[in-house]
Amino acid sequence: MSLEHHHPHHHHRHHNMFSQHKENNEKSSTVDYKKEAKHHKHMEHLGKLSVAAATAYALHEKHQAKKDPEHAHKHKIKEEIAMTAAVASAGFALHEHHHNKQAKKEAKRHHHL
């Protein structure tokens with residue numbers, strides 16, 4: 001299978017941890033798409049956990065801002081930073097979800113050849 005037929009953002013050969021040389025020392029390598037899908041699923045879950053953690057911290061800082069009016073500005077800044085981290089984590093989780101779907105699609109395609 002040549003990579004010319006793939007969109008440059010959809011091939012997964014750049015993930016060195018998934019490239020394996022064949023046991024008979026041939027120069028070609030194969031991609032374990034099931035292993036890749038599992039990796040992206042785990043990364044998606046980590047992204048979702050990061051969303052939860054950042055959101056919880058943002059809510060904590062929001063509470064601190066109300067509880068500690070003298071330092072409310074400092075707490076509001078921390079809250080905004082935490083919410084930015086939550087949004088970034090959600091984007092990462094979505095990105096990994098897309099890669100997981102692509103790897104599953106490739107695994108299915110290669111299995112049925």
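Cβ coordinates come from backbone N, Cα and C, glycine included.
Marked as compositional bias 'Basic residues' by TrEMBL: 1-16 (among others).
What TrEMBL records for 1-74 (among others) is region 'Disordered'.
The compositional bias 'Basic and acidic residues' annotation in TrEMBL covers 59-74.
Sequence annotations record features per position, and here TrEMBL assigns region 'Disordered' to 88-113 (among others). Residue counts for the region 'Disordered' (88-113) under DSSP, helix first, then strand, then coil, are 24 helix, 0 strand, 2 coil.
What TrEMBL lists as compositional bias 'Basic residues' is 96-113 (among others).
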Item to complete: Pull the DSSP breakdown for the compositional bias 'Basic and acidic residues' (59-74) and write it out as helix, strand, coil residue counts.
Response: 15 helix, 0 strand, 1 coil
